[in-house]
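Q: As listed in TrEMBL for this protein:
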BINDING   A:HIS101, A:HIS103, A:GLU108, A:HIS147  Mn(2+) binding site
BINDING   A:HIS103, A:GLU108  oxalate binding site
DISULFID  A:CYS24-A:CYS39  disulfide bond
DOMAIN    A:53-199  domain 'Cupin type-1'
SIGNAL    A:1-18  signal peptide
There are 6 protein chains.
Amino acid sequence: MFPMILFLFSLFLSSTHASEQEFCVANLKLPPTPAGYACKDPAIVTVDDFVFTGLGKAGNTSNIIKAAVTPAFVAQFPGVNGLGLSLARLDLAPGGVVPMHTHPGANEVLTVIQGSIVAGFISSANAVYYKTLKKGDTMLFPLGLLHFQINAVGVTSVALVGFSSSNPGLQILDFALFGNDLPTELISKSTFLDPAIIKKLKSVLGGTG
Amino acid sequence: MFPMILFLFSLFLSSTHASEQEFCVANLKLPPTPAGYACKDPAIVTVDDFVFTGLGKAGNTSNIIKAAVTPAFVAQFPGVNGLGLSLARLDLAPGGVVPMHTHPGANEVLTVIQGSIVAGFISSANAVYYKTLKKGDTMLFPLGLLHFQINAVGVTSVALVGFSSSNPGLQILDFALFGNDLPTELISKSTFLDPAIIKKLKSVLGGTG
Amino acid sequence: MFPMILFLFSLFLSSTHASEQEFCVANLKLPPTPAGYACKDPAIVTVDDFVFTGLGKAGNTSNIIKAAVTPAFVAQFPGVNGLGLSLARLDLAPGGVVPMHTHPGANEVLTVIQGSIVAGFISSANAVYYKTLKKGDTMLFPLGLLHFQINAVGVTSVALVGFSSSNPGLQILDFALFGNDLPTELISKSTFLDPAIIKKLKSVLGGTG
Amino acid sequence: MFPMILFLFSLFLSSTHASEQEFCVANLKLPPTPAGYACKDPAIVTVDDFVFTGLGKAGNTSNIIKAAVTPAFVAQFPGVNGLGLSLARLDLAPGGVVPMHTHPGANEVLTVIQGSIVAGFISSANAVYYKTLKKGDTMLFPLGLLHFQINAVGVTSVALVGFSSSNPGLQILDFALFGNDLPTELISKSTFLDPAIIKKLKSVLGGTG
Amino acid sequence: MFPMILFLFSLFLSSTHASEQEFCVANLKLPPTPAGYACKDPAIVTVDDFVFTGLGKAGNTSNIIKAAVTPAFVAQFPGVNGLGLSLARLDLAPGGVVPMHTHPGANEVLTVIQGSIVAGFISSANAVYYKTLKKGDTMLFPLGLLHFQINAVGVTSVALVGFSSSNPGLQILDFALFGNDLPTELISKSTFLDPAIIKKLKSVLGGTG
Amino acid sequence: MFPMILFLFSLFLSSTHASEQEFCVANLKLPPTPAGYACKDPAIVTVDDFVFTGLGKAGNTSNIIKAAVTPAFVAQFPGVNGLGLSLARLDLAPGGVVPMHTHPGANEVLTVIQGSIVAGFISSANAVYYKTLKKGDTMLFPLGLLHFQINAVGVTSVALVGFSSSNPGLQILDFALFGNDLPTELISKSTFLDPAIIKKLKSVLGGTG
């Protein structure tokens, strides 16, 4: 008798399937919209579209800031499209630092998995909130506010970072100021820094003009 | 003199027409986005895109649950795309039941048009809210919570159901557990039901594994 | 053995209960916010907070427009607070009409339960969409656009109306123009209607100035 | 040493670039979605996509209402797509008026740049809010409510108008009622205006039927 | 000279401070609204409002399901109020399981920190997505859909879980069905389970009726 | 006859009035919520709640940056609460500059009313967009991205600025880095600036530590 239920709901289920958006795995080949990417056909979606395997591997911190960020944003993990969340892994070798930066599109929550990290942010009211986080500690960084993370111990620290958007964006202050072709004169006028200092920083960060 | 107004605003009106989204009739041939489907060209939209005629006809309740759901979701009624609402008609023959289910994407409001229905839902706090609804009574079922409807009288009951989304989704508990290929071992471990019972239910509900 | 699960989750469940917002029955005694009213304490919420019984009764159409609207908005049905939906019942006696109006805060969907109704709306692009709806027919009216409903038959017609907001608002054109103290001169300048006509309409609709 | 940072983040930055939606300049050639248009490829976006030059020029007020509206909505200014804002310039020659109208899709804020304007709106509760605004004064007009602006002085008045949507829409009352093919009978029944008056207004506003 | 800047912006900064909502630490003593709790006075907010220290400690898995969930939702971590995110820690001892459940209010993303977990969910279209996750693997569970997690190895597994809401809610299937006073007759009719089985499960899960 | 309509709708209108949120003038005495402030009682709202008169007056630019920002955010203009928009006036004397800053909570649109301004922003992808704007030109600055405005002519320039939020926030880079008690060591590590330079800037910008 029960199979009749199947008959009853089959039309219903198949029709809702066509426009299923309880998930919407990104089709990165089509242009995005303000609400995210168009959905991959559910008929070819598999469990692997919902699984990301990159956060288990340490990033390469053999660089000047001794840090590595491994993102699982919509570009790397299309399954987060439209879900209002994404992730990243942060590795900080001894002496490592994620320089002052903002995420223009998402609130952030960081949990220390290994080691210890000094982290902080500055509010619009110019209040400073910073603390030395230990393993297991979690800290929030509201959308759009300048913040930083610095390794606080002599071993590599690792954190798992969550965001309230599938595409948080990242604006690193030093790069935004000194790593592009914004003319030195405009930088100087808008930051009160000496042109000589700006030119010097541009030379090391790849900026021109 | 007045026709000059027409001239004045004609450019304005025609230009806004091009991106008109005070309505956005779904073009179901294009892939959806997290915010819904792309819009059908307004130039070919007619009043019939805003009218749905399927809710006036009784669903076929000659099935094991003696129930029928007739949806007017975006897949059936493209005019609701982007409007944050949709509808369905529910027919419950004597003894009919809509088994325990959830709508992952929408709040629901049900109004009894004919007959009487016992309906209820269970909250995250595990509180139970149920009542026997009479003709003209309305009941709310919040998004994502388990709920059910059972005919309370010896004649067919009919309800008109509204949703707060153009694509509410529907997850019927028995089907989700016993109507697919989720392995019996995983079902048993995650529900504490005996494998024998699971296998029996799978056999009648079409499940495998 | 199982009762240990209860122990395990009891803290969890009770703590989430405190901030439960999978529903938020309005406390109408506190001032609303842009997102709706503060929530009634879940501890005193009962099933009756989710049930509305007023839509089963015919409205009184013994008036000049031979029509009655029975709202189940947040003010009448606090359970809809925060759920993004609300309802109303429409009764149209023979000759009855809901005059040209808008809902500034919600999209509308109307389903004819009894009789027949001529309904229509006008878009920003000045396109007219109207149709004679029969019993069981459903029609959409996008947010903020002028629309109307007129009984199309010699018997009382009834419709169930859904909205995409808990508080749709209602601006009836004739009342907005002629039923308040907006000075006749300003009305005339902004509508091109003759002051004499305006004063006449004000006299019957209760307007002054 | 610093260039190593570039190496570190280059993959990161290039990958986020692909799905960059901190801005989403509209590609008007693709059909819009409920959330706006698909994004123009960021690789070909230039500063001119974020700059609009049309609001500095007076509109042509040589028309019957002695008024001109110059919109910078998404259709004219694709850069606003997805940003939740748009603009318009309003010119009112002596005697000029923007007739009673609504914006179905946006709240409005008007600032007088030159001259003086009498402006007002009517709420759902039928309250009237109007005032004579001087140069530098700002006034709000909530979404979907009837409002008007009338020049209050003997010289041309100019206002800069902001909206809370990239596509506010515009429904001018006289046009909606008398400038299309909505049958006179339906207009008369839904506005209580005399058919003769309606036909006269239709003749001057271009309406038929 | 520079201190004059301080003077210039001091009024500005202090005034924005009063309504600062770039963060809104919950005042749990006031009733919530549909958008969350009222904000704690920023003047008494400290860095500790943005830091949660509970996720570093293993939960107590000495229970029948050999599992523990440690939430950092708004009730435990008021700093997440209004930020659209929250967290939890999951401990699964050998043989441990998080039984079939849903989060009515949030999408979920789980990352395995230690051990290995079999996890899966079922879609509205009745498709099953499950996989054995290893340390470092991440999996998504869309809002409102039934899902489960089972330890896959002989040691304790640990996961860090993120949600797209400050208050995800939790509805555990067995508790919703058998851990309250929903009458056995209604459960039986809406699940097709035998009343004897239901009564047995009620007896172990604390249900009555 | 018409007054009967008044009777018909009077209950309706008065009841919707109680929860009117087509506008929600902020009651700044109550704590805000994530969605804004509680609403002032509509019964005491007047047209002046929707009118702001401060943008017509030039700000005082007799300061080191020769600039003044006059905000009309929710703190100054409670009528914008919940409307998703706000305004500000910008005065730039000759040589004036609004230093590099972000608005964490809103997209911005600036229109030059007088003079000429060089303005620009930097994207997450580190692309620079800047241009010399003339009177009447409009430019967009997406949420959370660093941007600046510099007077481009020898006379005072004035701009009217719109935001997509009632409370945009403002984080000025120099103040965030050097105008508070963030320790010099943390600033140096997170910006690569020399401690001596930092201490010098702190001394002029009021920072300590």
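Cβ atoms here come from the backbone N, Cα and C positions, even for glycine.
Would you situate these features in the structure and describe their surroundings?
A: Every protein chain shown contributes to the tally, and the Cβ of A:HIS147 (Mn(2+) binding site) ends up with 22 other Cβ atoms within 10 Å.
The DSSP secondary structure for A:GLU108 (Mn(2+) binding site) is strand. For A:GLU108 (Mn(2+) binding site), the same-chain residues 6+ apart in sequence whose C-beta sits under 8 angstroms from its C-beta are A:LEU140, A:PHE141, A:LEU143, A:HIS147, A:VAL161, A:GLY162, A:PHE163, A:SER164, A:PRO168.
A:CYS39 (disulfide bond) carries a strand DSSP state (E or B).
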Q: Among the disulfide-bonded residues A:CYS24, A:CYS39, which residue has the largest number of other Cβ atoms within 10 Å of its own Cβ?
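A: Of the disulfide-bonded residues A:CYS24, A:CYS39, the most buried by Cβ count within 10 Å is A:CYS24.
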Q: Among A:HIS101, A:HIS103, all listed as binding-site residues, which has the most CB atoms within 10 Å of its CB?
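A: Sorting the candidates by Cβ neighbours within 10 Å, the top entry is A:HIS103.
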Q: What mean pLDDT does the predicted model reach across the domain 'Cupin type-1' (A:53-199)?
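A: Mean pLDDT across the domain 'Cupin type-1' (A:53-199) comes out at 96.
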Q: In whole Å, how far does the CA atom of A:HIS101 (Mn(2+) binding site) lie from that of A:CYS24 (disulfide bond)?
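A: Approximately 30 Å lies between the Cα of A:HIS101 (Mn(2+) binding site) and that of A:CYS24 (disulfide bond).
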Q: Between A:CYS39 (disulfide bond) and A:HIS103 (Mn(2+) binding site), how many Å separate their Cα atoms?
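A: With the alpha carbons as reference points, the distance is 25 Å.
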Q: How many whole Å apart are the CA atoms of A:CYS24 (disulfide bond) and A:HIS103 (Mn(2+) binding site)?
A: 23
Q: Beyond A:HIS101, A:HIS103, A:GLU108, A:HIS147, what residues of that chain have CB atoms within 8 A of the centre of the Mn(2+) site's CB atoms?
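A: Same chain, not in A:HIS101, A:HIS103, A:GLU108, A:HIS147, Cβ within 8 Å: A:THR102, A:PHE121, A:PHE141, A:LEU145, A:LEU146, A:PRO168, A:LEU170.
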